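*Asks:* Quick one: structure below, then a few questions.
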């Protein structure tokens, strides 16, 4: 089987939506019966985004095999059925570290190690490895054409087009076509200059995706085709839409998938986008709406919680309701109190690190518990729920986590020093371990209690969910907390770690150590988020009586 490669680049400005465009195209090709995957190549020097600030980079998306990756991989998994792995994302930092390790080992036999050929060869090797077994691989190059950081990646894909063959490679370039209100027309010159920059590197784009706030007129697309040396049918208008799930249909309506299949000589049936049409219908025709408060510490950049926000929307789709998300800074809860939490139909506390804002999250968990408001805690959201219950119900005054107060009297949450990874191997950590790549990461099995709410929601006794944490419930202090009424609803596969807790005498209070948002998709949803949004709707109805 021959693998075909589509290299996706961006020009003029950043944040054009290369990831969404690539994922949408992949969704159409998958709907034609092709085996598709997507890769993201990031030009920064960090080995991975694991230690980067969420406010700078956005969320860290965790794959099944425990890789900490770019948030675009979350988009990929929400659009196609293929699960991402550590092969689907790598950075300049990882490439350089591998090449330097080989140099120290003597693998280059005394050669002068250079960007070309050693770095570019390493990039090509990773792309080829990630594409094995697939009909089509979309490779998104992070950054903007013209950035110095992206040059090794662009040179590598230029070489791949020669080595793999132009009949099995395509270059798709996203560019901005701005509308100038004063002139009353869109302007194509930025696109022309962006393509000129790409040509200077030796890359002739085969497809141009023209991003604009409106449809690009046919005469302007013809102009772009003429000056950029691209067939007119390969100049695609991609206007702003109110739902990203409309983009596959928008690309298909302009024949992009037909053009690609013809170019690669792929004989496959027409794309069936009925599942996406159903998603769009459910999104556009809700029968109600709920307001869910999300209390976190990175709310100035919603992308820090991208998968959680999308998962809540998916939960809304499964219940035919619109989910309005109110982002609340946990530090504001500390200073202003409960007034910020009034009027909510449900409360969610997502993951996070560090002491800042933690007391506000603990106060939020208490407010939800005492006022019978549906509550979903994720990762740190479970830990603060445990701390709150220990303090205010189990009588453990000033209970805390050793992450925040290392010498607290009741460390109900503590560092995990030993656990098994996704392959069953024993992992060990200490307070002196590096921060990067040292957490409990990836898919882990969880056993659900027969009498629990989550057992009913999932409908099966054993589930698999993805983790990203280094602190856990301290089993040494668990018995008195359980005696005070808290239910452990899920444990790790080896029965050693607490994975899910519930408050039994509460309408809906669930907190989990894992990250269910990473496996939620618009077509399938997720049991926890569907149940959470349903509970919010029921709470709203009770309040209205």
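Cβ from N, Cα, C; glycine included.
Feature list, courtesy of Swiss-Prot:
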{"type": "ACT_SITE", "residues": "379", "note": "active site, nucleophile"}
{"type": "ACT_SITE", "residues": "515", "note": "active site"}
{"type": "ACT_SITE", "residues": "517", "note": "active site"}
{"type": "BINDING", "residues": "14, 187, 188, 189, 190, 191, 192, 223", "note": "UTP binding site"}
{"type": "BINDING", "residues": "14, 147, 148, 149, 187, 188, 189, 190, 191, 192, 223", "note": "CTP binding site"}
{"type": "BINDING", "residues": "15, 16, 17, 18, 19, 20, 72, 239, 240, 241", "note": "ATP binding site"}
{"type": "BINDING", "residues": "72, 140", "note": "Mg(2+) binding site"}
{"type": "BINDING", "residues": "352, 380, 381, 382, 383, 403, 470", "note": "L-glutamine binding site"}
{"type": "DOMAIN", "residues": "291-542", "note": "domain 'Glutamine amidotransferase type-1'"}
{"type": "REGION", "residues": "1-266", "note": "region 'Amidoligase domain'"}
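Are these features on the surface or tucked inside, and what touches them?
*Replies:* In this structure, residue 379 (active site, nucleophile) belongs to neither helix nor strand by DSSP; it is coil.
The number of other Cβ atoms within 10 Å of the Cβ belonging to residue 515 (active site), over all protein chains shown, comes to 24.
In the three-state DSSP scheme, residue 517 (active site) falls into the helix class.
The 10 Å shell around the Cβ of residue 187 (UTP binding site) contains 15 further Cβ atoms across the protein chains shown.
Annotation for residue 223 (UTP binding site): spatial neighbours 188, criterion Cβ-Cβ under 8 Å with sequence separation of six or more.
DSSP gives residue 19 (ATP binding site) a helix state. The Cβ of residue 19 (ATP binding site) has 24 neighbouring Cβ atoms from other residues within 10 Å, across all protein chains displayed.
Less than 8 angstroms from the CB of residue 72 (ATP binding site) sit 18, 19, 22, 23, 40, 61, 140, each of them six or more residues away in the same chain. According to its DSSP assignment, residue 72 (ATP binding site) is helical.
Neighbour density for residue 470 (L-glutamine binding site): within 10 A of its CB lie 19 other CB atoms from the protein chains shown.
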*Asks:* How many Å separate the two farthest-apart Cα atoms among the UTP-binding residues 14, 187, 188, 189, 190, 191, 192, 223?
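*Replies:* Spelled out: the longest distance between any two Cα atoms in 14, 187, 188, 189, 190, 191, 192, 223 is 24 Å.
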*Asks:* I'd like to know which of the recorded positions 15, 17, 187, 192, 379 sit within 10 A of residue 352 (L-glutamine binding site) at the Cα level.
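*Replies:* The recorded positions passing the 10 Å Cα test are 379.
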*Asks:* Would you mind reading off the Cα separation of residue 380 (L-glutamine binding site) from residue 515 (active site), to the nearest angstrom?
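*Replies:* Between the alpha carbons of residue 380 (L-glutamine binding site) and residue 515 (active site) there are 10 Å.
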*Asks:* So around the L-glutamine site, 352, 380, 381, 382, 383, 403, 470 aside, which residues have their CB within 8 A of the centroid of those CB atoms?
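*Replies:* Surrounding the site, in chain order, are 351, 353, 379, 384, 401, 413, 469, 471.
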*Asks:* Just going by other Cβ atoms within 10 Å, which of the recorded positions 148, 379, 380 has the emptiest spot?
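*Replies:* Lowest Cβ count within 10 Å among the recorded positions (148, 379, 380) is 148.
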*Asks:* Of 15, 17, 383, 403, which is closest to residue 517 (active site) if I measure between C-alpha atoms? They're all binding-site residues.
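*Replies:* Closest candidate to residue 517 (active site), judged by Cα separation, is 383.
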*Asks:* How many other Cβ atoms sit within 10 Å of the Cβ of residue 15 (ATP binding site)?
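*Replies:* Residue 15 (ATP binding site) is surrounded by 10 other Cβ atoms within 10 Å.
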*Asks:* Of the binding-site residues 15, 403, 470, which sits closest to residue 379 (active site, nucleophile) by Cα distance?
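*Replies:* Ranked by Cα distance from residue 379 (active site, nucleophile), first place goes to 470.
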